[in-house]
There are 2 protein chains.
Amino acid sequence: MELWYTERGIVPGLGLSVQVSKVLHEEQTDFQHLAIVDTPLFGRMLWLDNIIMTNIKDEFVYHEMISHVALNTHPNPKKVLVIGGGDGGVIREIIKHPSVEKAVLVEIDRRVVETSKQYLPEIACGLEDPKVEVLYEDGIKYVENHKNEFDIIITDSTDPIGPAVGLFEGSFYKSCYDALKEDGIFVAQTESPFYDEELIPRVQQDIRSLYPITKLYLAFIPTYPGGCWSFSMGSKKYDPETVDLSQKPTYTTRYYNHGVHKAAFMLPNFVRDLINK
Amino acid sequence: MELWYTERGIVPGLGLSVQVSKVLHEEQTDFQHLAIVDTPLFGRMLWLDNIIMTNIKDEFVYHEMISHVALNTHPNPKKVLVIGGGDGGVIREIIKHPSVEKAVLVEIDRRVVETSKQYLPEIACGLEDPKVEVLYEDGIKYVENHKNEFDIIITDSTDPIGPAVGLFEGSFYKSCYDALKEDGIFVAQTESPFYDEELIPRVQQDIRSLYPITKLYLAFIPTYPGGCWSFSMGSKKYDPETVDLSQKPTYTTRYYNHGVHKAAFMLPNFVRDLINK
């Protein structure tokens, strides 16, 4: 019997349907519904509140692109903070950079980390690294209590519904700004420019009100609605578009390279119009 | 009652689900099943054999990107051939270029053109232009009978199943090469690099065996599987990556600009690996 799951609800009128071979794990955590399913096309997938978070087939795009753009823009990132990102994929990418001395993951839901370690070891594999500290607490409170400490802060959140709403608010962006050092960089995933025409200009405005350098960049992510995903960046000093990228990366990636880094900021006209709204 | 349609079959294990408000037209033509449906998210959509071809919301991406990259690479495109493309979107973009004197559309299925004119006038609007000739015949035979005639040939085909299979074969590519002038450019849509790992390297090899300059470029198309779509290009003389794009376009676009032109060729590592297979 062929079983299919259709993700609906993020974008009204749209669904992504995925054939499912087996539900490997399912639970209601203190924060959300969590499921690990196996699929013929994507391999194992992590769903939170029935929304696709990550999967073995295409996770490399999101995790590389939310990490390496900022990490290659900053000349010497030593201390990096990840808010959310309990699957560990962003941490795995961050610790590829030899300059990084400490990476802190602040995930509100301990079960995301534990389940990812068990079922998605390819993604969660960096979480035991001695440079990595994993904290189970509210990311919003954490950044409020840390000042002038991080070179890079990455918000690897769920969609702006449910537990992550606060991670898309101006007060959170201000706390992140204050938690960054004087030349720090902030990055957040900010949904699809085809479907989220309200969120992207609002976040861009919030970031622009704080940082001298505000950018949006794009990546191809097949399992997120529309396959076109945006990342918003605020930078206190370094411009990701003019930074010297002539040195080859010392680590392996499957999506990111320096051409892709430059290309990601070359926005289609309708996206340019959206961020300048 | 909420009605949904799920497109399945192109990529095993994957489906795109779209809420449908009304089926406006449905028929079995001599070549395929044709439907025009109205949807809350995408507006009117054209489906052929139950596969999404185009829609009012995102059609600009595909039509601009399959056309303007080659048209801006060639210094003086006068005569352009489109194989397939019965909805008229590619023609609409081609005739935006002031150098174009003649655009020929060879569509095997007359009903696609007629239905698009009736239900998708925003897309089909260029088909009545005096520079445009519309022929209802087999594109494969057409290119076999024309030599050294076109500056640009664009294959705007359906997927490589059903009536379009022959448009992905080496013999067709050879005929297109011969139908191009000595500095001509060939472009074809070639599916998703995430899901079609067999087709893309095969087409690239076929093109490479004919043209001194062979390229692949990408665009974000939400309604095609994975949202990441590839275009394969063979060029006899002009390199799309080194061409001078300093002059601003004289026409309006919603996706294409000269930054996007350059960026589209900056391929993620896994796509680079795929085309060099």
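Keep in mind that glycine also has a Cβ here, set from the backbone N, Cα and C atoms.
Feature annotation from TrEMBL assigns active site, proton acceptor to B:Asp156. Spatially close to B:Asp156 (active site, proton acceptor) yet at least six residues away along the chain are B:Ile66, B:Val82, B:Ile83, B:Gly84, B:Gly85, B:Gly89, B:Val90, B:Gln189, judged by Cβ distances under 8 angstroms.
The feature S-methyl-5'-thioadenosine binding site is assigned by TrEMBL to B:Gln32, B:Glu107, B:Asp138, B:Gly139, B:Pro163. Cβ neighbour count for B:Asp138 (S-methyl-5'-thioadenosine binding site): 15 (other Cβ atoms within 10 Å of its Cβ, all protein chains included). When secondary structure is read from DSSP and collapsed to three states, B:Asp138 (S-methyl-5'-thioadenosine binding site) falls in the coil class.
For B:His63, B:Asp87, B:Asp156, B:Ser157, B:Thr158, B:Asp159, the entry in TrEMBL reads spermidine binding site. In sequence order, B:Ile10, B:Ile51, B:Glu191 are the residues near B:Asp159 (spermidine binding site), counting only same-chain partners six or more apart with C-beta under 8 A.
Residues or ranges marked as domain 'PABS' by TrEMBL: B:2-236.
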Using the residues the record lists for S-methyl-5'-thioadenosine (B:Gln32, B:Glu107, B:Asp138, B:Gly139, B:Pro163), what whole-number Å value is the largest Cα to Cα distance? 16
Neighbours of the S-methyl-5'-thioadenosine site B:Gln32, B:Glu107, B:Asp138, B:Gly139, B:Pro163: Cβ within 8 Å of the Cβ centroid, same chain, sequence order. B:Phe31, B:Gly84, B:Ile108, B:Asp109, B:Ala164
In sequence order, which same-chain residues at least six apart have a C-beta under 8 angstroms from B:His63 (spermidine binding site)? B:Thr54, B:Gly89, B:Val90, B:Arg92, B:Glu93, B:Ile123
Including all protein chains displayed, how many Cβ atoms other than that of B:Thr158 (spermidine binding site) lie within 10 Å of its Cβ? 21
Compute the C-alpha separation of B:Ser157 (spermidine binding site) from B:Glu107 (S-methyl-5'-thioadenosine binding site), stating it in Å without decimals. 9
